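Engineer: Starting off with a structure, shown below.
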Amino acid sequence: MAQGILKDMMANAMLVKDLAEVAKDTALLHGVQIRVHESPNSSEVVTYAPITLFPSPVPKSAFYQALAVQVHYNTLVDKISQDADFLQTALASTITVDNFTARLFKIHQQVLEEGKAQSIVLGLNRSDYMLDQKNEGCPTLKQIEINTFAASFAGLTSHTPHVHRHILKVAGCMEESQRILDNNSAAGLAEAIAKAWELYGSKRAIVMFLVEENQINIFDQRCIENELWKRNISTKRKRFRDVSKTGSLDPDRKLFVDGQEVAVVYFRNGYMPQNYQSEQDWQARLLMERSLAVKCPDIGTHLAGTKKVQQVLSQPGVLEKFFPEQPQVVEQIRSTFAGLYTLDMGPEGDKTIEMALRTPGLFVLKPQREGGGNNLYGAELQQVLQEVKGSEERMAYILMDKIHPTPVQNILLKRDAPLKISTCLCELGVFGTYVRKGREMVLNKCAGHLLRTKSSEHADGGVAAGVAVLDNPLLL
């Protein structure tokens, strides 16, 4: 549908311009916005979040497949986070060469040695996919990664349906406007946080958002904060330095920051090495992990989301370990795996490197990093593998099959960017939430979706990296 409209509009630049202005204004009207940081005094300047002019087509079968498998991914992440032996084995090679993962793993060991203070576990994750069209026939859903730490855009994507519904109506597509799905991911994430807060058992305790110094995507987080305030749950925004200066544990290991008891620590910062500016920041992370507060994610869940764990899960028999006598669940999860290959020292890793150097266009080289813009392709992939192929440094990476999605046409609305029709690639994310107390899974849900779209000229990078834009699926 959108493809036909775009073709018709190519000869009508004025109509495209008018619709773009309506889309930008509607995005701001509904809170689909980001903060602009161009100077030290620009903290109060906001603009619309990057968004497509039209919703992009997504096959209905693949969309609902992604939603259906999410509760199983929630369970899988939770089981991995509890399995210290599995994490030790899976990450053994990585922690010898990747200092950041090694530092996280050290915290994990310290927490286990002391004994976990809290039996309540809160998981908010997002599994990201593309539709692979390598062969003839229907495209297949393939997972790019699962984000167990600070999975973003649940807030803004709760409001993007308003934008595309309105644009379709203005464009005269009334019937299509009704096919834009409701998507209240912010409420879904807040529901899980609220359940963890309730189980903690202190109405005076707060939910603490652990955030960056300068937060461009603050409105995405505010959506979730507002949903918690609707439930009369107090929230505070703190930084590592705040925890370092005013954080403490009482004899029961209750966490207090600036004199307030913390029931839930919701990490929106701490997933990249540069997030830890000092040794004090690392000590603040350890303090929170040792505490009675519910952590989202806790250190085990953080490690469960690493690329190396993703690669190990693809090996024969590994999923069966976590889902014994559940072959249908194993098949549902495994069907979404792309090819994943080890770069550990030895014959198997050597074979992986030989394969990647021979046909670099078929693969992606992935380091143990989050945040977008870290993956390597083509000539860069070749160069790095040539440099590290004979050393243990190669164990800091994994190799994955490159997914080949079917391109779509759309117009990407970005601040100060010209209006033009672009050939685009779409990435579907599905939010999952779970809360466990002891051995009892109290909540396990699919909490909504996210569609991001980027120009096909970009190999890597998300919305936060300035490459992709927000979108909505128009199911076909």
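Counting begins at 1 with the first residue displayed.
Just so you know, glycine gets a Cβ as well, placed from its N, Cα and C.
So TrEMBL has the following annotated:
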type	residues	note
BINDING	R126, Q221	substrate binding site
BINDING	E145, N147, E370	Mg(2+) binding site
BINDING	E145, K307, 366-375, Y377, 400-403, E427, R452, K454, D460	ATP binding site
DOMAIN	205-304	domain 'Glutathione synthase substrate-binding'
Engineer: Within 10 Å of R126 (substrate binding site), Cα to Cα, which of the binding-site residues E145, N147, P367, G373 are there?
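Structural biologist: So far as Cα distances go, the binding-site residues lying within 10 Å of R126 (substrate binding site) are E145, N147.
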Engineer: How does the model score the domain 'Glutathione synthase substrate-binding' (205-304) in terms of mean pLDDT?
Structural biologist: 97
Engineer: Per DSSP, what is the residue tally for the domain 'Glutathione synthase substrate-binding' (205-304) in helix, strand and coil?
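Structural biologist: Counting residues by DSSP class gives 41 helix, 26 strand, 33 coil.
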Engineer: If I take the alpha carbons of N147 (Mg(2+) binding site) and P367 (ATP binding site), what is the distance between them in whole Å?
Structural biologist: 14
Engineer: To the nearest whole angstrom, what is the C-alpha distance linking K402 (ATP binding site) and E145 (Mg(2+) binding site)?
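Structural biologist: Cα-Cα distance, K402 (ATP binding site) to E145 (Mg(2+) binding site): 13 Å.
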Engineer: In angstrom units, rounded to an integer, how far apart are the Cα atoms of P367 (ATP binding site) and E145 (Mg(2+) binding site)?
Structural biologist: 12
Engineer: List the Cα distance (Å, whole number) between R452 (ATP binding site) and E370 (Mg(2+) binding site).
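Structural biologist: Roughly 16 Å, rounded to the nearest whole number.
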Engineer: Between the Cα atoms of Y377 (ATP binding site) and E370 (Mg(2+) binding site), find the distance and write it as a whole number of Å.
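Structural biologist: Their Cα atoms are separated by 16 Å.
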Engineer: For Q221 (substrate binding site), which of the binding-site residues E145, E370, G373 has the nearest Cα in space?
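Structural biologist: So, of the listed binding-site residues, the one sitting closest to Q221 (substrate binding site) is E370.
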